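J.: The N-acetylmethionine annotation in Swiss-Prot covers M1 and is backed by similarity to another entry. The annotation FMN binding site is assigned in Swiss-Prot to P31, L32, T33, A64, Q106, R235, A303, G304, G305, G326, R327. As annotated by Swiss-Prot, substrate binding site applies to H183, R275. Annotated active site, proton donor per Swiss-Prot: Y188, in sequence order.
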Amino acid sequence: MENGEAKQSVPLLTPYKMGRFNLSHRVVLAPLTRQRSYGNVPQPHAAIYYSQRTTPGGFLITEATGVSDTAQGYQDTPGIWTKEHVEAWKPIVDAVHAKGGIFFCQIWHVGRVSNSGFQPNGKAPISCSDKPLMPQIRSNGIDEALFTPPRRLGIEEIPGIVNDFRLAARNAMEAGFDGVEIHGANGYLIDQFMKDTVNDRTDEYGGSLQNRCKFPLEIVDAVAKEIGPDRVGIRLSPFADYMESGDTNPGALGLYMAESLNKYGILYCHVIEARMKTMGEVHACPHTLMPMRKAFKGTFISAGGFTREDGNEAVSKGRTDLVAYGRWFLANPDLPKRFQVDAPLNKYDRPTFYTSDPVVGYTDYPFLESTA
């Protein structure tokens with residue numbers, strides 16, 4: 001390739017070996033909810049969307065995908081708990097593999113970030129606690145999301161939820177995915193258990209840091225045993241307080257999880273930068289991910305507000321192995337190429353992030369060739 005030299009001088013565009021997977025570059029497609037899976041079934045247009053963002057040896061993570069019928073909290077997000085879901089994912093995975101991509105499915109349970117309209121038989125959502133969530137303004141800045149007060153899970157119910165994650169991982173492998181990412185971030189069920197401002201349990205799943213991390217680690221253990229630890233990652237956001245899920249000692253929480261994950265030998269740990277305290281906004285912050293980075297023995301992925309410049313710097317200074325890009329990858333299907341040649345980026349269109357149109361704001365962002 002004629003610009004091979006230029007490529008080598010861009011840290012984000014250097015190859016990386018992630019366990020069994022040989023990555024050609026370090027620009028990862030972050031998991032992005034897009035709400036275009038009608039009736040929770042992945043659609044053919046998703047094959048176009050993901051394959052547009054695939055490069056040979058590129059690593060992609062799906063949008064958050066529900067592990068059960070109680071896992072949903074948003075309109076038209078995909079699932080992976082039925083045979084129909086598995087069959088619908090297969091051509092999407094095939095499209096990514098046809099272009100040489102590595103594709104992980106992010107498995108997810110929203111916990112209390114839901115309302116009875118999304119729940120089977122109109123029941124209350126489940127959580128570690130019965131603490132209700134305040135209404136939130138949606139991303140369009142107008143509509144209000146209302147949450148039904150959750151039902152506290154009985155201790156006898158928790159193994160069933162762990163098993164839902166295990167079965168979802170098995171289904172992901174049946175659909176052809178290369179692995180799964182456990183969604184332990186952003187105020188959803190796993191994060192609710194970890195965070196002391198939400199988890200007020202008095203049994204073995206609440207109280208101490210170790211007890212609050214018991215549920216997440218049981219899921220890691222079950223999923224790793226089901227599909228092999230070398231096909232498992234986890235996403236964490238210890239420093240964030242999305243969906244009123246903050247922690248009073250996030251540094252200790254993050255470090256404990258990073259150290260504990262080593263016992264299971266999983267492939268990677270994907271962490272949202274401390275500067276991303278709330279969704280989409282960068283804040284000045286004294287915390288750093290370096291203690292977690294140093295403690296975790298597998299591949300480390302950082303996400304949260306990265307540009308080309310600070311992504312390159314994070315890799316070159318050894319602060320992370322890979323960098324996950326969300327909004328910029330959404331708007332620039334050929335983001336690795338643009339980073340390689342330092343091309344200008346398409347601006348993202350926030351109003352179409354979560355609309356249901358199968359093309360507009362989804363597969364119609366221009367490529368470099370078509371903008372020349």
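Including glycine, each Cβ sits where the backbone N, Cα and C put it.
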J.: Which recorded positions from the set H183, Y188, R275 come within 10 angstroms of Q106 (FMN binding site), judged by C-alpha positions?
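T.: So the list is H183.
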J.: Measure between the Cα atoms of every pair in P31, L32, T33, A64, Q106, R235, A303, G304, G305, G326, R327, the residues the record assigns to FMN, and report the largest value in Å, rounded to a whole number.
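T.: This binding site's residues have a maximal Cα-Cα distance of 20 Å.
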J.: Quick one: pull the CA-CA distance for G305 (FMN binding site) versus R275 (substrate binding site), whole Å only.
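T.: That comes out at 8 Å between the alpha carbons.
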J.: Given the binding-site residues T33, R275, R327, and counting only Cβ atoms in the protein chains shown, which has the most within 10 Å of its Cβ?
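T.: Counting every other Cβ within 10 Å of each candidate, the maximum falls on T33.
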J.: Could you tell me which of these binding-site residues, P31, Q106, A303, G305, has the fewest other Cβ atoms within 10 Å of its Cβ?
T.: G305
J.: What is the total of other Cβ atoms whose distance to the Cβ of the residue listed as 'active site, proton donor' is within 10 Å?
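T.: Other Cβ atoms found within 10 Å: 26.
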J.: Could you state the whole-number distance in Å separating the C-alpha atoms of Y188 (active site, proton donor) and A303 (FMN binding site)?
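T.: Rounded to a whole number, the Cα-Cα distance is 17 Å.
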J.: Fill in the CA-CA distance, R275 (substrate binding site) to R327 (FMN binding site), as an integer in Å.
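T.: With distance taken Cα to Cα, R327 (FMN binding site) is 16 Å from R275 (substrate binding site).
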J.: Do you know offhand how many angstrom separate H183 (substrate binding site) and P31 (FMN binding site) by C-alpha?
T.: 9
J.: Would you identify the secondary structure of A303 (FMN binding site) according to DSSP, in three states?
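T.: In the DSSP reduction, A303 (FMN binding site) maps to strand.
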J.: Helix, strand or coil by DSSP: which one applies to H183 (substrate binding site)?
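T.: Once the DSSP labels are grouped into three classes, H183 (substrate binding site) ends up as strand.
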J.: DSSP secondary structure for Q106 (FMN binding site), reduced to helix/strand/coil, please.
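T.: For Q106 (FMN binding site) - judged by DSSP and reduced to three states - the answer is strand.
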